[in-house]
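Database features (Swiss-Prot):
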ACT_SITE  Ser686  active site
ACT_SITE  Lys729  active site
BINDING   Gly363, Pro364, Pro365, Gly366, Val367, Gly368, Lys369, Thr370  ATP binding site
DOMAIN    17-209  domain 'Lon N-terminal'
DOMAIN    599-780  domain 'Lon proteolytic'
Amino acid sequence: MSTPLPTQDPPDIPEVLPILPLNNVVLFPGMFLPLVVSGDTWVKLVDEAALATKMVGVFMRTQPGEGFDPLALARTGAVALIVRMLRLPHGAVQILVQGQARIQIRQLIVTEPYPQARVAIHRDPAVLSVEVSGLARAALAAFQQIIQLSPTLPDELAIVAANTAQPGMLADLIAANLNLKPEDQQLVLDTLDVQERLRQVLSFLEREREILTIGRKAQEEMSKSQREYVLRQQLEAIKRELGETDDHAAEIAELRRRLEAANLPEEARKEAEREISRLERMPPGAAEYVVARTYLDWLLDLPWNVSTEDNLDLTQARQVLDEDHYDLERIKERIIEYLAVRKLRLEQDASGSARGPILCFVGPPGVGKTSLGTSIARALGRKFVRVALGGVRDEAEIRGHRRTYIGALPGRIIQGINRAGSNNPVFMLDEVDKLSVGFQGDPAAALLEVLDPEQNVAFVDRYLDVPFDLSRALFICTANRSDTIPPALLDRMELLELAGYTEMEKLEICRRYLIQRQRNEQGLAERAPTITEAALRRLIREYTHEAGVRDLERRIGAIYRKMATRAAEGQPLPDQVDAPDLDDLLGPPRFRSETLLGEDEVGVVTGLAWTPTGGDVLFVEASVVPGNGQLTLTGQLGDVMKESARAALTYARSRARALNIPTDFAQICDIHIHVPAGAVPKDGPSAGITMASALISALTDRRAYKHVAMTGEITLRGKVLPIGGVKEKVLAAQRAGVRTVLLPKANAPDLRELPEETRQQIDIVLVEHMDEVLPRVLHPKSESVTLAEPAPPDGAGTVQAT
């Protein structure tokens, strides 16, 4: 209850007052009002006002908020006298204020540290007309009647109102205690003319009296058995008399308005209408109410017909792609082709639309697969959505959960579309090769419908249970390897392989992207020293050994962190970082190509392997010792690799005479083939010619050239069969310092994928038979060998010549 001040002389009000905005609260002159003030600005205002005049100007905000906006303040406020102040925890202050007079802002003087303004003070005139007195009596009588009808207004309020001599203050008292909206109370406060103010209050009193009369009648008709029902009827009657609808009806009306604006497809629209009708008949307290409302929110919020316009300027799109990524020409061309097709179709038919291709980027970590998706979205002018699928084992993550489950939601595909806000985003499915199969189903199988151009026109999420058109989206998948992707899923995607970068490409990427990015991230910007080309080359060769550039960027970041530490300590920074400085900044080198290859040895041959992280150099060792013909294979070899070793042994036996090897070596010797890095599992057929070369090197006591690397499958007749991963393997050979690479002749078309720089640095020899391999791998030796004598201690593992 708000009560007026006792009659006393009004205090002197300063012309300049601090301004305190209020949310949904109106203070009338002569009334008490408790306030809780928080926020550093407003607490400071109250503290300083309490020490000075104890007066502040309070105005209601027309739009609730936290800051100060003079345009968002009501036209009229009140002078508030601080009567009592109490500090609360967390820095807030509780104050009790008394309204003194109406004020209006004439001029805003300052806004910092808190707003202060020059105000105009409005007081009610002392002498009033007879008409005003009559209106005041009518208002008092109506107010006393409402106090009798209302269960919330105390009877003492009638005495206070009767003792209020000033008509203007009586109007303020009534407006402060009636159940009015803040906007209606502000309307009374804005009315400076007392007569007009009383008329407004009388209209509010009449409305309140009608409401209370309806309530009294409803209460009189109430019985025990009908209590709950009648209470609802009473509320509805009040709302109808006010010309308002209840919250439930307003919510239904809002849903219907959103349905009209959403422009849903026919099937989705019918489902939404059915669900809204069901919701309309359901009481808001029902358990199913929230479930149905959440479903409708998803259905109406989805961008069924909201699309972003494609950027069809091919030159600009190409420029954006080149800005973000170096090289990757094949992928860039594929995106430009899609844009070109889209542009031509639109020229033929304005409503025509090309279905988005479903691309799959396969390559080792750090080559830019994920970041390429963002670049493609920017080039196309589309929204970008990324969903990480690594470790997902429940197909409901893709297809959504049925609404019968508690907490059910749509799958990640529909959630991503909703997050994008358009039905044609660039949608990246990251790490699609790392999906898991669990007892909840196979998520890879669930992706078949998403990624099939013939089916995703009407993709049905289990939660929505209505078709949604995914064909406008441009789906991009990423994977480190394609052999772990189910064949049916792989068949629906256009595979684009991203091999590792060459040294020159890494240098260019460093210059264009990595160095500047790390400078900014480490807080150096333009103060950072330049890293010379020699230092970058040494970084690439001796401190990293990867197909991508992720570790290289980490090393560059480590260099600039050292420089940032020096700068923070006030030490001078060098102008540049050169190759010799890397030992102090990064420690000793981690890799050395010359150490990796080493000296030519008997029984040790350099092979090439493909791994999910790119190509790698693989050494195969073979030793021959006296024994009874036992073959030992070590190094965690898979079944295919073991079969390659047996095929190599059979080939060596069949060619023993031609190779000047005793034909009975398989009966008098034990053979041990080992592939180092024994803790790492290895498999695949491409090490066949490498194993055969190592075995023949050991049997003939001929050293093998370490700078010659090879890959290829071998048959029992010595033919060299094609293999995969040619580009990755050749790039790995280049990183290791290999000078010659032997490849199956059938892989000749794959050489077109190699960078020109690689073809110039490495001598690539195409072979069809082991007879072409051995002369290029083994040192020449004319002597024959004898295998029956035991090998001396210093020659263990080799066959001595006789």
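Each residue, glycine too, has its Cβ placed from N, Cα and C.
Here the structure is a predicted model, which means the values were calculated and not measured.
When the Cα atoms are compared, Gly363 (ATP binding site) and Ser686 (active site) turn out to be 19 Å apart. Just so you know, the Cβ of Pro364 (ATP binding site) picks up 23 other Cβ atoms within 10 Å once every protein chain is counted. For the pair formed by Lys369 (ATP binding site) and Lys729 (active site), distance between Cα atoms is given as 19 Å, rounded to the nearest Å. Each of the binding-site residues Pro365, Gly366 was scored by other CB atoms within 10 A of its CB, and the lowest score goes to Pro365. Listed in chain order, the residues near the ATP site other than Gly363, Pro364, Pro365, Gly366, Val367, Gly368, Lys369, Thr370 are Phe361, Thr478, Asn480, Leu498, Ala547, Gly548, Arg550, each with its Cβ within 8 Å of the site Cβ centroid. For Val367 (ATP binding site), the same-chain residues that are 6 or more apart in sequence and have a Cβ closer than 8 Å to its Cβ are Leu498, Ala499, Gly500, Tyr501, Ala547, Gly548, Val549. Note: the Cα of Thr370 (ATP binding site) and the Cα of Ser686 (active site) are spaced 30 Å from each other. Here Lys729 (active site) is positioned 19 angstrom away from Gly368 (ATP binding site), judged by their C-alpha atoms. A 10 Å cutoff on Cβ-Cβ distances gives Gly363 (ATP binding site) a total of 25 other Cβ atoms nearby, all chains included.
The Cβ of Thr370 (ATP binding site) has 16 other Cβ atoms within 10 Å, all protein chains considered. Distances between the Cα of Ser686 (active site) and those of the binding-site residues Pro364, Pro365, Gly366 are shortest for Pro364. For Pro365 (ATP binding site) paired with Lys729 (active site), the C-alpha to C-alpha distance reads 15 Å. Long-range Cβ contacts of Lys729 (active site) within its own chain (separation 6+, distance under 8 Å): Leu608, Ala609, Trp610, Gly615, Ser686, Thr711, Val741.
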